[in-house]
Amino acid sequence: MVKNRRFEKAPIIGTRHIQCFLCFCCLSICYALRVNLSVAIVAMTDRNSTNGDLKVYDWNEGTKSYVLSSFFWGYIITQIPGGHIAQKYGAKNLLLIGITLCSILTLLTPLAVEFGGWQLLFALRVVQGLLQGSVHPATHAMLAKWSPVEERGALSTFCYSGSQFGTVVILAISGVIAESALGWPGIFYISGGLGVLWGISWFLFSASTPAEHKTISLEERKFIENSLGQVDSTPRTVGPTPWTKIFTSPAFLSLIIVHCTHMWGFWTLLTQIPTYMKNILGVDMKNSALLSSLPYAVMCLLSFFFIYLSKVLARRENVSLSFNRKFFNSIGHWIPMISLIGLGYVTQAHAMLAVVLLTLTVGISAATYLGFQVNHIDLSPNYAGTLMGITNGSANVMSALAPLAVGLVVTDVTNVIEWRIVFFIAAGFYFFGNLLFVIFGKTEVQSWNSPEDALAKRLNVVDAESPALLLNGDAKKATITEIGKQ
């Protein structure tokens, strides 16, 4: 008798959830290590913002801009190599080495600045970017191995909400730390120390796959492996990366585009809106820890709301996985598109309305965690890390280009017409990217995911996030045959 995978039993809270919690903490630490300098550099260059006994540095705005951008110089480079290494050797050691070394360099940051000035700090941040470039690809590789198909969206959203959580926490506490006895070096000591503690926990409790975990129950392991189509215990060797097929896949090309357009709009919001709010609406967000962290906090909270909503939709038999992905991605792109246009027409008399619009616009983008941001695993569980490396690397180029484009359009920061052009451009990116994803995006595992046609069929047969098990004839026969062997 064939058992329906959906009704196989597994612990409600199991080892897979511990792995996802550790990934959540990993992303929280990573973003804290990434954002800490943005707050610390204010205290490092202003005696009134830190412990008066500590040395401060006379760096001009140009120098500070170079230092703040240095992380991303290294970050972009290791995206694709990081994904390839994670898929070949496993994500555990890659994340362990990368984040632990990054944390140690964070602990050494005050010493580096004292002896090497901004130049050594610049070099140190480039190396930290290189070490963190593999984080998103490796996290995707972990999720591809640990997330049962029916839980994939929820577990992925939970993991990636750690990035907002880490940002909120570091923005909220950095000012307090800088004014304490620890001064601005304390920002680096605390965030770096937490990273080292995470590394110890990760070493002790994580594994790249369920098969490699020492304490996972056989019941939970079988539940995960059967959900992913791994119906036997034979190790599967992933073949050479099919680069040509990947880059000629319309579904994957649309994924690259939607990721790039998302990052253009998202970073336009986060980097330029504070300047717009100050010069057009008279609201200084940069000097308010509450206003600076509010969009991230709302984004983190809405992530959990969207997880709940996805589970509600999954109970409906007529809701497919494809609809689910495109529905949430449309929420995360087209609502911010409308809000961005609206922001350009809010007057100074309604400045707080602009704050609300900005907060909701950033927050609602959390819906994309259930949209394109998990689609790499849908298309190819075997190469999910590499796919994320490609799209995230490309998207971070757009993150750098967006502020430069704003500088070309906005020649007078007090000219509201120029700012509206910026908002229309970003809104256009949001619209175009999601439109392509809706038209060309797919949720079926692609044929190039595995050199074995049978494995591709097994992975492709079930739209597992929907109760409706839609099987085609050949795939259904293959699946029943394989499951029947258990």
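Here the Cβ of each residue, glycine as well, is placed from N, Cα and C on the backbone.
In TrEMBL, annotation is done automatically, which means it is predicted and not curated.
According to TrEMBL, the protein has these features:
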type	residues	note
DOMAIN	1-445	domain 'Major facilitator superfamily (MFS) profile'
TRANSMEM	21-45	transmembrane segment
TRANSMEM	65-82	transmembrane segment
TRANSMEM	94-113	transmembrane segment
TRANSMEM	155-178	transmembrane segment
TRANSMEM	184-205	transmembrane segment
TRANSMEM	251-273	transmembrane segment
TRANSMEM	293-314	transmembrane segment
TRANSMEM	326-346	transmembrane segment
TRANSMEM	352-372	transmembrane segment
TRANSMEM	384-409	transmembrane segment
TRANSMEM	421-440	transmembrane segment
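Taking residue pairs at least 6 apart in sequence, the transmembrane segment (155-178) and the transmembrane segment (21-45) share three or more C-beta contacts under 8 angstroms. Contact between the transmembrane segment (421-440) and the transmembrane segment (155-178) does not hold: fewer than three of their C-beta pairs are under 8 Å, each pair 6 or more apart in sequence. For the transmembrane segment (65-82), the partner stretch with the highest count of Cβ pairs under 8 angstroms, out of 251-273, 326-346, 352-372, 384-409, is 384-409.
Tertiary proximity for the transmembrane segment (184-205) is limited to same-chain residues at least six positions away from its ends with a CB under 8 Å from its CB atoms, namely 18, 22, 25-26, 29, 32-33, 36, 39-40, 43-44, 49-51, 54, 92, 95-96, 99-100, 102-107, 109-110, 170, 173-174, 177-178.
The transmembrane segment (326-346) is in contact with the transmembrane segment (251-273), judged by 3+ CB-CB distances under 8 Å for residue pairs 6 or more apart in sequence. On the 0 to 100 pLDDT scale, the domain 'Major facilitator superfamily (MFS) profile' (1-445) averages 87 in the predicted structure.
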